[in-house]
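Copied from TrEMBL, the annotated features are:
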type     : residues : note
TRANSMEM : 12-30    : transmembrane segment
TRANSMEM : 42-63    : transmembrane segment
TRANSMEM : 69-88    : transmembrane segment
TRANSMEM : 109-135  : transmembrane segment
TRANSMEM : 147-166  : transmembrane segment
TRANSMEM : 173-190  : transmembrane segment
TRANSMEM : 196-213  : transmembrane segment
TRANSMEM : 234-252  : transmembrane segment
TRANSMEM : 264-283  : transmembrane segment
Amino acid sequence: LVFLAKNVDELYAIYLLEGVLTAGIYPSAVKVVSASGGSLTLYLALLDSAAPVVTLVISSLSGEILSGWTFYYVTLSLGLFLGGLLSLSLKVSTLKSTQLRKVLLDRRVIYVSLIRAGEQWGLWGTSSWLFPFLVLYDGVPVKLSEILFLLYGVGQFTSTLVSGFLSRTVDDVKLVKVTLAAFVALVFALPLAKEASLLIPLSFLLGVFSFIYRPPTDSLVVKVMGSRHAGTSMGFANAISQAGSMVAPLFVGEVISLGLKGFAIDSLAFGPLASLALVTLVVKGNSGGSEK
């Protein structure tokens, strides 16, 4: 459909339709994973590894994608089509959730969804804007910025492996707290590092900590209501948390429009900082299934 768009309004409508049609993919995948038994956080980490892999591929092929965008969209469409066909072969035994109202009105689900929204703020903010901001406002060379973005993608991929390992020994809530705190600290530290020798390791670490909190947070979403309601809980949490990725550009844009360009990068940490405060104040317990 992208090729049929004749103006920008039609392109907006096509992207909106794509968002609606793909909205149920991740919640459904979480439901499949939660029904499989075993280590939930580990399996969610493996599921979430798809996003860092995509970031890594795009960062390494960004030039080719821009010059051959037609081939990129055709390949993407074929991949989605084949993935849909493969999903038809899955045999999953799950109980149908009949308590939609119970899920939507549970305060614990709302709390974890808001925590996830703040995480989305930081994740998509750093993935989309951090490295262009380093070029625009901190004078980092474009070529170095591309290398830093690639290392950031490698860090995200590494984070899924680390998160799965840590989930066996560290409580999910504690893991979310520690990794959010580390992410916030790294975002504040990156603009202060002017030398490539510092920017390179910091970018890798930022990639690790920009995604490592995702699997344990998703695990908390499922554990709050149980695997029977995994699809509904994750669908609700996913919808709420998308607000983080929508509010972030408005907030960051306002910071820049006020002439506070030096705080543009720092503003990427505000959402995760709010999530850190929320998870510290209202969430406790090994499963995240109880509240203060």
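Numbering starts at 1 and runs along the chain as displayed.
Just so you know, glycine gets a Cβ as well, placed from its N, Cα and C.
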What stretch in 69-88, 109-135, 147-166, 196-213, 264-283 has the biggest tally of Cβ pairs under 8 Å against the transmembrane segment (173-190)?
264-283
Ranking 12-30, 109-135, 196-213, 234-252 by the number of C-beta pairs under 8 Å to the transmembrane segment (264-283), which range is first?
109-135
What stretch, picked from 12-30, 109-135, 196-213, 234-252, has the most CB pairs under 8 A with the transmembrane segment (147-166)?
196-213
Please identify the stretch among 12-30, 109-135, 196-213 with the greatest number of Cβ pairs below 8 Å relative to the transmembrane segment (234-252).
109-135
Can you tell me which parts of the same chain pack against the transmembrane segment (109-135), counting only residues 6+ beyond its ends and a CB-CB cutoff under 8 A?
55, 103, 141-142, 145-146, 148-149, 152, 176, 180, 183-184, 187, 190-191, 199, 206, 210-211, 213-214, 217-218, 220-221, 224-225, 233, 236-238, 240-245, 247-249, 252, 264-265, 267-276, 278-279, 282-283, 288, 291
